[in-house]
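Peer 1: According to Swiss-Prot, the protein carries these features:
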type	residues	note
REGION	1-32	region 'Disordered'
ACT_SITE	Lys134	active site, charge relay system
ACT_SITE	Ser209	active site, charge relay system
ACT_SITE	Ser233	active site, acyl-ester intermediate
Amino acid sequence: MTEPTWKTVASEKQQQRESKIPSEWQIPKSSHPAPEVTFVQDFPAKSGMFTNRELQLTAATASDVTAKISTGEWTAVEVTTAVCKRAAVAQQLLNCVTEICFDQAIARAKELDAYFEKEGKTVGPLHGLPISFKDQFNVKGFDSTIGYCSYASKPATADSTLVKLLVKAGAIIYVKSNVPITLMMGESFNNIFGRTLNPRNRELTTGGSSGGEAALVTFCASFLGVGTDIGGSLRIPCSFTGLYGLRPSHGRVSYQHVQNTLLGQEAVRSCAGPMCRAPEDIRLFMSSLAAQQPWLWDPQSLPLPWRAEEEVLPKKLCFGFALGDGHVGPKKLKQAGHAVINFNLTEGKEVNEIMNKMFTADGGAEFQRDTDATGEPLPPTVEYWLGHSSQIKASTVSETWKNQHKKALLAQKFLEKWQATKGRTGTSRPIDGLIMPSTPFPASRHGSGWPWHFGDLSALLDLTTGVFPVTRVNLEKDAVPPSWTPMSVKDKEAMDYYEKPENHENALVGLQLIGRRLEEEKVTAMLTLIRNVLEVDY
């Protein structure tokens with residue numbers, strides 16, 4: 001029997017990827033963790049494969065790297081070589097990489113070191129910093145399959161604008177990371193490369209659709225990754241792996257020439273943003289990009305420089321806090337002199353319904369077309385999200401307009417609710433930010449069809465939103481209380497997925513911080529404040 005086209009494509013792509021891992025960076029069979037070993041976050045330190053210097057370099061933040069390279073203390077070559085090696089190991093343990101650019105990266109690092117030695121200065125604020133990119137971002141000469149077998153062996157002829165601008169600022173491209181087929185799943189799985197695993201528990205997902213980036217960054221195989229977010233695709237992975245991240249409002253980060261699904265769907269815009277281990281790295285990314293004036297290349301980019309004055313926060317802040325969204329069910333901030341008030345969020349069900357109608361306005365035709373091209377199947381989790389594509393009907397123009405009008409009315413209603421908090425904050429201002437869960441549960445088991453998450457509000461209303469780590473699952477404290485009762489059918493489904501803390505051992509817990517539109521500077525500053533107050537240690 002002839003093998004289906006998609007299986008042949010997948011086999012060839014995987015062989016191509018593995019051939020680019022140097023033999024000296026391959027894990028010896030005697031050292032490779034057995035499948036039942038779920039926690040591999042500490043493998044680099046315990047394996048004997050890395051020198052103390054390599055461990056020191058890869059554990060640094062992006063801000064540390066750029067600072068030390070700019071003074072000549074570190075070289076771009078040694079940093080790049082170390083992180084490429086760690087990414088190679090991450091791939092073997094976590095299956096998080098799609099495209100490998102190690103040779104090109106090291107060659108670029110040599111060029112940057114030569115420039116620094118000759119000129120005595122850096123080429124830009126990101127000089128020598130290796131940055132990993134979600135598979136969506138086009139890098140000339142490499143595929144951007146976004147999980148579809150039908151997109152394989154079609155290398156990009158030019159870089160995405162964001163890639164060009166970051167390279168211009170001194171960044172080094174060395175790897176692209178795994179995503180789910182369709183880009184519309186909360187787990188990074190596709191038929192080409194397979195499933196990405198969580199380094200803290202390989203039986204758990206890193207989320208999606210930027211799950212490959214999350215695996216790389218949390219494993220210290222990337223200093224800073226670039227993900228995207230249309231309904232939680234950056235925030236969910238950050239929450240599942242203990243990272244900081246930022247979903248900016250549309251227009252702050254260039255999205256030009258990025259491979260994507262749902263092309264032409266502009267009612268809810270996908271945005272690119274940073275994923276990292278420190279909030280200072282969000283600032284480094286955003287300010288460095290703004291300094292390149294992306295609006296001169298990308299007509300969708302707003303002519304808005306990084307506004308340092310907006311990072312200066314009032315002495316006392318007030319945060320709204322929502323335990324859920326009314327559909328699926330702060331002590332240290334108060335101790336630090338800030339106020340925290342309840343924010344009754346009841347829009348969840350309406351937001352989710354509007355989003356789903358927008359994403360399936362074509363009746364699922366695009367997803368079906370791109371899988372039919374090679375005969376590959378859609379995963380059960382995608383079928384779950386689509387509500388089984390065969391049952392979805394394309395929206396009429398009238399229905400689409402009506403749905404977009406609902407979005408406009410909801411935006412006004414939410415703004416009024418935000419403004420109405422002014423009388424309760426004690427600061428003579430409305431709340432400065434809204435803290436709420438990113439998901440109704442910590443990192444889930446592989447193959448889970450998600451009943452619900454909390455990512456849609458920010459995406460639908462285009463609100464600047466950050467993510468920050470809080471804690472990890474505690475096997476003793478996090479059992480389901482006997483007195484718990486669900487708010488809705490979806491709420492019960494969410495708790496059924498959680499079931500018991502043992503299913504989420506070593507999983508991390510993150511929250512999201514929602515600001516207003518185009519408040520990237522303020523939200524980034526508040527993430528730093530929250531980090532300093534919480535002093536998270538997991």
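Each Cβ is built from the backbone N, Cα and C atoms, and glycine gets one as well.
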Peer 1: Under 8 Å Cβ-Cβ from Lys134 (active site, charge relay system), six or more apart in the same chain: what's there?
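Peer 2: Residues satisfying the criterion: Lys176, Ser177, Val179, Ser209, Ser210, Gly212, Glu213, Gly225, Val226, Gly227, Thr228.
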Peer 1: How many neighbouring Cβ atoms, not counting its own, are there within 10 Å of the Cβ of Ser209 (active site, charge relay system)?
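Peer 2: Excluding its own Cβ, the number within 10 Å is 35.
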Peer 1: Counting only residues 6+ away in sequence within the same chain, which have a CB under 8 Å from the CB of Ser233 (active site, acyl-ester intermediate)?
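Peer 2: For Ser233 (active site, acyl-ester intermediate), the qualifying residues are Leu183, Gly208, Ser209, Ser210, Gly227, Ser270, Gly455.
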Peer 1: Using DSSP with the three-state reduction, classify Lys134 (active site, charge relay system) as helix, strand or coil.
Peer 2: strand
